[in-house]
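Okay, so here's the structure we're looking at.
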Amino acid sequence: MFKLPPISLYIHIPWCIKKCGYCDFYSYVNKSFIPEKEYIDHLLKDLEKDLSLIKEREINSIFIGGGTPSLLKSSSIKKMMREIKKRINISNTAEITIEANPTTLEYKRFFNYKKSGINRFSIGVQTFNSDLLKKIERTYNKREAILAVEEIKKINKNFNLDIMYGLPNQSLKDVLLDLQYAVKYNPTHISWYQLTLEPNTPFYVKKLNLPNENNIFKMLVEGEKFLKQSGYKKYEISSYAKLNYECQHNLNYWNFGDYIGIGCSAHGKITQINGDIIRTIKNKNINDFMNGKYLKHKNFVLKKDKPFEYFMNIFRLYKPVLKRQFEERTNINQNYIKEKIKKAIEKGYLKNKIDFWDTTKKGKMFLNSLLKIFLD
């Protein structure tokens, strides 16, 4: 019998306080025209439509993302979590995360989130520098960011801080100061990533004064050194965690696990008992979604595409790639890719061991070139 991978649940909440110029996630600024109660009801109906694909499988993690899901009333989170638990099996040890904007953090409401089952919070600080916050169009200042982090510490030990580098006119000193502020509050996890300008975003067409490649490299080297000295282990390209506090939900993504995606524009990946992999994309048109048209697209992943999709995720992690896991997650014998593996080894991107493949420093540095081998 084919061994199914672990499975998670992603819930998309599409509204925001303000759409930032660099953001390419699907969201609406005006919350009022999407009734909160009705949207939660449709989320649950969307979930019900997917139940036939997962049968009785146990959910190992839940991630409530957006948008800004922390705009939800605590009563809405309570209802949503209660009703989800009626419909699916959730592990007693499941990690349940909600993303939050610092300006939405209210002690009582977030404490009630915790009472409803949320056991991990992810706070999108981005930077503690008020001038830089203005430049990236965030709606709060340094003082408000600090107050938010201080509040979340009172509510829950397990929390992540999102911090960015490579911001407009940002210096190395600015970068290290941000990280010093972050570790001061002892988060269990820090997501530290470079600002990237995605097509079809306002920042993409603006001529922003971003740090050059040499300065970005210095920021990365010095920042990683500081985080390591502060007790945070790098386990993924932009993820750093205290011991045993890696984000389980994201680890499942990167290990090519399964996940249901519910809500506007949510994506899903669900493996079937015969080894077939189904990809789902939910409707991003809010009016269609609120009229019950949840599923936009569903397709099977072709055999030839599975290796690329697997490696695109697993190579983000700083760990060896088990050959056994490749076969288990793709339902493909490793001999199917032996010529491509050979090419990657010849180019110095991979090392081949008896039970695993390991990316070299060169492979991590030129990850896109490594992945292209499996795309050709």
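Sequential numbering from 1, following the chain as shown.
Just so you know, glycine gets a Cβ as well, placed from its N, Cα and C.
Keep in mind it's a predicted model, so treat the numbers as computed, not measured.
Taken from Swiss-Prot, the feature S-adenosyl-L-methionine 1 binding site covers Y10, G66, E99. According to Swiss-Prot, the feature [4Fe-4S] cluster binding site maps to C16, C20, C23, an assignment based on similarity to another entry. Sequence annotations record features per position, and here Swiss-Prot assigns S-adenosyl-L-methionine 2 binding site to G67, T68, Q126, R138, D162 based on similarity to another entry. Marked as domain 'Radical SAM core' by Swiss-Prot on the basis of sequence analysis: 1-236.
In the three-state DSSP scheme, C16 ([4Fe-4S] cluster binding site) is classed as coil.
Cβ-based neighbour count (10 Å, all protein chains) for G66 (S-adenosyl-L-methionine 1 binding site) stands at 25. When Cα-Cα distances from E99 (S-adenosyl-L-methionine 1 binding site) are compared across the binding-site residues C16, T68, Q126, R138, D162, the shortest belongs to T68.
Summarising the environment of C16 ([4Fe-4S] cluster binding site), the number of other Cβ atoms within 10 Å of its Cβ, over all protein chains shown, is 20. Taking CA atoms as the reference points, C16 ([4Fe-4S] cluster binding site) and R138 (S-adenosyl-L-methionine 2 binding site) are 11 Å apart. Here the Cα atom of R138 (S-adenosyl-L-methionine 2 binding site) is found 15 Å from that of G66 (S-adenosyl-L-methionine 1 binding site).
The secondary structure of G67 (S-adenosyl-L-methionine 2 binding site), as reduced to three states from DSSP, is coil rather than helix or strand.
Summary: among the binding-site residues (T68, Q126), the fewest other C-beta atoms within 10 A of the C-beta are counted at T68.
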